[in-house]
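Engineer: Below is one structure. I have some questions about it.
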Amino acid sequence: MPRYIIAIDQGTTSTRAIVFDRAGGIVSVGQQEHRQIMPQAGWVEHDPVEIWRNVQEVVGTALGRAGLTRHDIAAAGITNQRETTVVWDRRTGEPVYNAIVWQDTRSQSIVDRIAARGGADRFAQITGLPLATYFSASKIAWILENVEGARERAESGDLLFGTTDCWVLWNLTGGVEGGVHVTDVTNASRTLFMDLETLEWRDDILAEFEVPRSMMPTIRSSSEIYGHAESSSLLRETPISGILGDQQAATFGQAAFSAGESKNTYGTGCFLIFQTGEQIVHSANGLVTTVGYRLGDEPATYALEGSIAVTGSLVQWLRDQLGLIDSAPEVERLAASVPDNGGVYLVPAFSGLFAPYWRPDARGALVGLTRHSNRGHIARAALEAVAFQTRDVLDAVNADAGVPLTELRVDGGMVANDTLMQFQADVLGVPVVRPVVAETTALGAAYAAGLAVGFWSGPEELRANWREDRRWEPAMEPAERERQLRLWRKAVTKSMDWVDEDTR
């Protein structure tokens, strides 16, 4: 009898395959980074062919390191960077353009054009989302408007759209030889095209963006058998039975299934999700409304989400663009070389500010510099920016929910940074809790896949797998916390109103 589940985690900077056992423990990992293609300011692309090649490689690595074959795997799940847009030819399997990544802002003129006909929130009651370059709709429209021949091919039914879960699934299940063109409700809810109530595509919104309905994948639940891996795959005949967008997957992996439960993931960006159960709650404080998950034929659950564009990628920027550090882990040592930030604040609005501000006109700002400022202060300001942005989002969650959060469950790569986690507890004023298995994104996809094939009996069995690893208690005096928050919010105002006709 198969004893393991494999999860494919197609992220913003890398693709991983992780094998999990029945207790939710990690058995083996394969990981491969992919190129970040930035042709000009505000543009971020990935090569979909490179991503698919990496998927195949990491699956082989994960199986090989554990000494396993497909016969040991009960099911496979997929989790992915959401919103990132792939458009490809259904007959050849070739992308018509690179994947346009969620951080990419090139389609701002399309967003402005459509917002001019009814405002930035004209679809918010239907989709839960504001008009923004963040979501897939304007990215698809940009490809159709700017890639030669793309619109004609799309209108003739030759082109398919998908977020990267859909691209991976289509290839994994056969590609041009009968690949399954499906996405799940969580990814569909990030396109700006899905009705949160009906869980179906809205033809009127598709028409506003001039996107043919024939391009769109079928929307399915987050936990069911979509198809089986094709014959040449190392996972041949393995059911592919779970799909969740990365932040919903992390919430699921944290066993935060019920209304009132939440988590914060520290990855390339930072994403705080607060479950609202079967109730659709529209934010009055700058959060988006999204699907939390849907298990088979059960009703969908919903969530409020605060999305922060730049957190882990800020550390990469310190390394790759500024050369302040040689490797990401060095940022903690450099930040700890000074007792405080020395009055330096860094607002990483590299592609504008996401939640709760939604200011595409903002750009990055480093303020408070004096002759006293050094590399350590900048590194510390970068880490503190992650925590301050999370505080801004948590304030919005508390205002919308009406019940203050009493602790924050965290996951993602940056939770290994003790300096950051302690400052996060300090600036929130509530405990921060890290689970034993911090790879909750992949774990959530594994859980969804396993539930669909009976590998796990239900959510309560999954709750029993969650175990606390470490807890950080707030140690900052309230008056000092409020002083630092005032300075942070002053710094945020300095980043706004930057983009205009001179800077486009």
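Just so you know, glycine gets a Cβ as well, placed from its N, Cα and C.
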Engineer: Say TrEMBL lists Thr12, Arg16, Gly312, Gly413, Asn417 as binding ADP: which of Thr61, Thr265, Thr268, Thr370 is in the same site, per that record?
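Structural biologist: Record source TrEMBL; matching candidate: Thr268.
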Engineer: Which candidate from Tyr4, Tyr134, Tyr302 does TrEMBL annotate alongside Arg82, Glu83, Asp246, Gln247 at the glycerol binding site?
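Structural biologist: Matched candidate out of Tyr4, Tyr134, Tyr302, per TrEMBL for glycerol with Arg82, Glu83, Asp246, Gln247: Tyr134.
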Engineer: Can you figure out which of Arg82, Asp246, Gly312, Asn417 (the binding-site residues) comes closest in space to Thr13 (ATP binding site), comparing Cα atoms?
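Structural biologist: Of the binding-site residues Arg82, Asp246, Gly312, Asn417, Gly312 has its Cα closest to that of Thr13 (ATP binding site).
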Engineer: Work out how many Å separate Ser14 (ATP binding site) and Thr268 (ADP binding site) at their Cα atoms, rounded off.
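Structural biologist: Roughly 10 Å, rounded to the nearest whole number.
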Engineer: Please identify, among the binding-site residues Arg82, Glu83, Tyr134, the one with the smallest Cα-Cα distance to Gln247 (glycerol binding site).
Structural biologist: Arg82
Engineer: Nearest to Asn417 (ADP binding site) by Cα, among Arg82, Glu83, Tyr134, Asp246 (binding-site residues)?
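Structural biologist: Going through Arg82, Glu83, Tyr134, Asp246 one by one, the Cα closest to that of Asn417 (ADP binding site) is Asp246.
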Engineer: Please list residues from the chain of Glu83 (sn-glycerol 3-phosphate binding site) whose Cβ is under 8 angstroms from its Cβ, counting only those at least six apart in sequence.
Structural biologist: Trp102, Tyr134, Phe135, Ser136, Lys139, Thr163, Arg190, Thr191
Engineer: Looking only at DSSP and grouping its letters into three states, which state does Gln316 (ATP binding site) belong to?
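Structural biologist: DSSP assigns Gln316 (ATP binding site) to helix.
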Engineer: Are there any residues in the same chain, six or more apart in sequence, whose C-beta is under 8 angstroms from the C-beta of Gln316 (ATP binding site), and if so which?
Structural biologist: Thr13, Ala328
